[in-house]
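Enquirer: Can you keep this structure in mind? I'll have questions shortly.
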Amino acid sequence: CTVIFTRLATRDLHKPISILFCNLAVSDLFTSFSGFWISMLFITNPDITIFGSKDMLAPYALYTTSILSTIYNLVSIGIERYLAVAESMRTRFRVARNHSIAVVFISWVLAFFLGCLPLMGWNCLHSERSVSVLYSPFCVNYLIFIAIPNIVVAFIVPLFTYLRIIIILRKRKLRMQACGQATGTYKSAESQVARTSISIWLLALVSYAPFFAGVVFDATNQRCHVDLYPGAYIFRNCTATLITITCLGNPVLYTLKLRTLGAKLKALRCLSANRVRACTI
């Protein structure tokens with residue numbers, strides 16, 4: 001919420017990348033909200049979160065939608081950063097604000113469509129054969145359809161974009177060294193991008209790999225709910241906790257620089273105080 005407020009209230013942050021950052025924060029907010037909804041259902045009626053119920057379709061659909069939107073945002077941010085760095089090299093395409101708005105709209109439409117397929121009928125409420133053990137009443141084939149392509153995209157596209165950014169910065173540094181110019185800026189930028197990309201990969205690996213492993217387990221499992229209780233469901237809860245950690249880590253990696261954020265909030269607070277004084281006078 002702090003990231004969203006800061007991005008919307010500060011005019012100099014109304015840039016294409018800032019729109020993607022703000023949308024990423026919205027996706028993380030939805031993920032946290034839907035995870036809290038599922039947790040409350042578990043507290044009030046734990047059986048429906050284990051054996052499945054019609055009441056679980058809506059929170060699971062919102063949870064899936066928000067996770068998909070987060071993945072698409074991470075991919076979009078990687079592509080935008082690559083285009084921004086490569087702009088002066090070969091490409092003449094420049095990301096504008098309208099492009100970011102269009103990407104945000106398309107990502108949410110796609111995330112809502114894929115996430116709400118169980119609400120449209122692709123569920124196993126009346127079928128016991130392919131029901132998911134960890135995420136009942138979702139079907140195993142639906143989880144495979146959602147998890148495998150999106151997780152592959154979430155790993156491959158950022159890998160390509162951030163590696164290309166590092167390569168471009170390395171070439172620029174070598175070119176400036178050949179011309180006898182200072183390369184401190186490019187060396188600093190290269191190391192910063194490398195650290196950020198490694199952090200993104202580690203966070204994504206820690207967060208989504210267990211969920212992917214749970215989907216694979218669901219697809220190969222032949223035992224019923226009772227036989228897997230409680231170990232498999234403890235694993236499922238840990239997976240949800242890791243995804244929530246991603247929601248906390250994304251602002252730190254992308255937007256939440258403490259000194260900058262503190263300065264922005266202080267400026268906004270002073271501006272608000274000055275307006276109150278002016279109105280009083």
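For all residues, glycine too, the Cβ spot is worked out from N, Cα and C.
In case it's useful when we look at the structure, here is the feature table from TrEMBL:
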- 1-254: domain 'G-protein coupled receptors family 1 profile' (DOMAIN)
- 17-40: transmembrane segment (TRANSMEM)
- 60-79: transmembrane segment (TRANSMEM)
- 100-122: transmembrane segment (TRANSMEM)
- 142-167: transmembrane segment (TRANSMEM)
- 198-217: transmembrane segment (TRANSMEM)
- 233-256: transmembrane segment (TRANSMEM)
Enquirer: If you count every Cβ pair below 8 Å, which range out of 60-79, 142-167, 198-217, 233-256 shares the most with the transmembrane segment (100-122)?
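Expert: Most contacts with the transmembrane segment (100-122): 60-79.
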Enquirer: For the transmembrane segment (17-40), give me same-chain residues lying six or more residues beyond its boundaries with a C-beta closer than 8 angstroms to one of its C-beta atoms, as numbers and ranges.
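Expert: Residues 1, 3-4, 7-8, 49, 56, 59-60, 62-63, 65-67, 69-70, 73-74, 76-77, 80-81, 84, 95, 97, 100-101, 103-104, 107, 240, 243-244, 246-248, 250-251, 254-255.
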Enquirer: Which listed range (142-167, 198-217, 233-256) shows the maximal number of Cβ pairs under 8 Å with respect to the transmembrane segment (60-79)?
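Expert: Result: 142-167.
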Enquirer: In the same chain, which residue numbers or ranges, 6 or more beyond the ends of the transmembrane segment (233-256), come under 8 angstroms Cβ to Cβ?
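Expert: Here the qualifying positions are 2-3, 6-7, 21, 24-25, 28-29, 31-32, 35, 38, 50, 67, 70, 74, 77, 134-135, 196, 199-200, 203-204, 206-208, 210-211, 214.
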